[in-house]
Amino acid sequence: TDNVSNQREHLILLLANIHIRKHPKTDEHSKLEDNALDEVMKKLFKNYKKWCKYHGRKSSLWLPTIQQEVQQRKLLYIGLYLLIWGEAANLRFLPECLCYIYHHMAFEMYGMLAGNVSAMTGEYVKPAYGGDKEAFLKKIVTPIYCTIAQEAERSKIEKGNHSQWRNYDDLNEFFWSADCFRLGWPMRADADFFCQPLKPVDERNEGTIKADKQKGKVNFVELRSFWHIFRSFDRMWSFFILALQIMIILAWSEGGSLGNIFDPLVFKEILSIFITSSILNLGKATLDIIFNWRARRTMEFMVKLRYVLKFILAAMWVVLLSVTYAYTWEKPTGIIRTIKNWFGNGPDQPSLFIIAVVVYLLPDMLAAVLFALPLLRRKLEGSDYKLMRLIMWWSQTRLFVGRGMHESAFSLFMYTMFWVALLLTKFVFSYYVEIKPLVEPTKDIMKFPINHFRWHEFFPRAKGNIGVVISLWAPVILVYFMDTQIWYTIFSTLVGGVYGAFQRLGEIRTLGMLRSRFDSIPLAVNDCLVPVETSDARRKKGLRSNFKNRFKEMTHEDKEKVAARFAQMWNEIVSSFREEDLIDNREKELLLVPYVADQGLRVTQWPPFLLASMVPIAVDMAKDSNGKDRDLKKRIENDYYFSCAIKECYASCKNIINDLVHGEQEKRVINTIFTEVEKCIAEDKVITDLNMQSLPDLYNKFVELVEFLKKNDEKDRVAVIKIFQDMLEVVTRDIMEDQLPSILESSHGGSYQRPEGMTAWDNEYQLFQPSGAIKFPLEVSTEAWKEKVNRLELLLTVKESAMDVPSNLEARRRLTFFTNSLFMDMPDAPKVRNTISFSALTPYYNEHVLFSIKDLEEENEDGVSTLFYLQKIYPDEWKNFQERIEEELKDNEELKEEALRQWASYRGQTLTRTVRGMMYYRKALVLEAFLDMAKHEDLMEGYKAAGSISDEEWKSLIAQCEALADMKFAYVVSCQQYGNDKRSALSNAQDILQLMRTYPSLRVAYIDVVEDRVGEKQIETAYYSTLVKVALNKDSESAGPVQNLDQVIYRIKLPGPAILGEGKPENQNHAIIFTRGEGLQTIDMNQDNYMEEALKMRNLLQEFLTEDGIRQPSILGVREHIFTGRLINNVVYN
């Protein structure tokens, strides 16, 4: 029943994900569309239909004629396949075996549903296996599983002798042959597939032992030999040997010119390469027989016949080409004369040799045509016509897999041109630098007579200089065969460099380049990671894009939308850096951009690390300007971020003052001052008309005001009023001295007359004193307000340059890699609901889950502990960690200890590190779902506010985002020994449970070994694939804390131990039935992931839907960063 429940959930999620992807506007009452069901059937039964066609059998997928029943029948077929797959255990390594089982069971199901009557019994069709409890497991899976297990045991005995036992591939290949149907249904227990040899075959006496009934290897037997160097690359070796022969003949000819190839005698000598080719083909055919000799008893007759015919034909061609070539010469010499003497000195007949060469080359010419026309080759390989199968049979054994695996014509053309250019360069270099310079010295050496040869021990009868010639040529020949790798390195570097330039692979390589191109990054993030709003919207990417100019040309409203989405993603990346202790609090503040867009500023707000120290510099430059604004203008024009810092600082100051000042008279004064300033700005007379000498005084006063605003304390109200009065005095008496009369007149409604002996300040100091004049302290200090004040403080107070932010090398590497990838051509990101669903699967045995305090503090023989070592190689991260826990945990020593274990584990090869990295996928999907679903007003509020606002609408939005993320992503860790560790109360089990507490959506699969009672007294060991999750249980009668335990979700019985010898693949296999979605990412336990890379997962998954050449890809590989480089010594140390 658990298998049924598991696959039911699997099928529902598959259909739901495909349905909403095809129908984005689906409502909750919509019905399942047939096209979603058809797509699932197409994917699930693609291999089965291919298998049926390969064997010339009709598939068992019969649909009823009544239209109303078609969808239900399709669901039954899909459900049957998933149930077979879910309980198949190790048979999942035999995909064609599953096709065989499904073929018969689907036919039985069709007969039962159609009410067919058996011709043998006259009764209604019934399943061949049925009626008993666990019938499928015991009667179908277990017999085949036992065969696999027996072969695995034999592999341990026959180590190194691969011909005497069958692995998964060998057993699966049995179902590539029509002989598999001899198994029958029900399967015959005495079939050769199930038989095992009575005793191991002795290779020395194997000819005297009668062959047993066991079905051995069918198509391939691994034989370890150094001759594989030639056999595996025979075409390359043959090509190089023939090319070497041609170059030696040309170099040996008179003058050694390449034009000598048109000389009839030289050309006739060059034709001898066909004899050399036939000899090499004979060697290849011989090696084929030698390497497959051990499989001769189990090999199909047609395969044996092919090897024998190839050998006979290769030997015939050696003789035929040698004889016909001998008759092309009138007065042959050497071995050619000997051959001609054997067959008689008849007249010259060069036409016979030409005809023989043409016939000899026919297979190669056909292969060249098929190579140039991949579409034709794919059709021929997949054809079932006997003539076509005969033609393809001669080139290679007909296999079920690997047919039609060719690229498009354009890809083959580019591939061919690459190698043509490479080989032409190699041969030209080899001819003029290696071969030709040796010919003349060789001729001279051969002419030089030898009367007394001293090396008689090695060459006792030598009468020539052949030994010297060999010594001279051997190094050159060796270099000739090896330098292809050198030329490949050169060409791949050149071609890769050009291709990388067009793909913009090195757009951002350093932190300095990141700073200079940062104004392009918001639009790059928007174009790459934000879904296109309309279906016809096309975005330019790669070399065609120009993000910098496009962003500057956008309207302010469009900039706001782009900046809002960018802020949420960028800040999540920065926050993940802080959580990982790659940066400290100060660097985090300098890297963040405002979560909540301040629409009143109407300026682009860049991260403070780009604007740091620019406002203090501008104040100093203005003070020293002496009424001349040339230097300041030049700096503003040349430095985009400098102008942005000044504009934002002014706009923020104005915004904060307007928010604080509420008195009518005070507002008039403030508005008059800002009006005059903006008038000067518009007329470009700020430096000339205003006295900048006192600007530092105003700057210092405002810094004090910002500090009081951060505290927001009632006790500071008098001080804040005094600061406002002081700032007004500085502005009216010093900075705006010439504009003072008009300002005062405006502030008093035009009726103010200064009494004799009374200064302006004596009357004005009463401004801001009334209780309602200034709104301080703020009653409700929102996150947006705090963020605005903190950001303004950074702009005003950070006087040192932030060129080295972030200072951590790993943070720099990750930022530059992420931003650089945004400039590359990648598929558009779909909305989360339209994304392909996927799972991640990690196999785990008994490695470290979480370092214990004992592990960290235990010293080696040199007195160095692991913790001490980590502190020394990660000094900055250790300092950041200490700052973080002091701020977050303070005096909680227990939590500090747990945080220390996590900090160390995140820097080692632990399961905790991998789980944290993979769970970034879910975090990224939740964020991206929020950006997809949030309204414009919600987006302006910011993603961070969603976690703090208690509004029901916000809670509903976040709940929808999390549900959608769980629908699209699942993470399963296959902890093989978790059950045993739990029963033994080992620390690993507790640490795994802690991981499930930390990440509630994490699922753990393990192999549970229990003792089941069979009958009254008999006990047998049973094995189960078990899936668990964390369970939060709380006793209603107790006020104690929530107790966290694991809860079994599914338990699926296995036919026996899941691990038979393959280790990690079998550990993954038992847990794969618990994964969900259309894609699966397999991640080893020592790998990591990052938040910024998880944001690009939607783009990566779109590659599966992109036509790449002639087909959509089914496997994607991504580059892996080896994070253990700095830990090599630690690994050795541990």
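Each Cβ is built from the backbone N, Cα and C atoms, and glycine gets one as well.
Residues 487-506 are the range that TrEMBL records as transmembrane segment, among 127-146, 487-506, 607-626, 687-706.
Mean model confidence of the domain '1,3-beta-glucan synthase component FKS1-like' (72-188) amounts to 85 (pLDDT, 0 to 100 scale). Residues 230, 260-261, 263, 266, 269-270, 272-273, 276-277, 280-281, 427, 430-431, 435-436, 438-439, 477, 480-481, 484 of the same chain lie 6+ residues outside the transmembrane segment (236-253) yet bring a C-beta within less than 8 angstroms of a C-beta in it.
Residues of the same chain lying 6 or more positions beyond the ends of the transmembrane segment (265-287) and with a Cβ under 8 Å from any Cβ of it are 227, 230-231, 234, 237-238, 241-242, 245-246, 249-250, 253, 307, 310-311, 314-315, 317-318, 321-322, 325, 328-329, 353, 357, 360.
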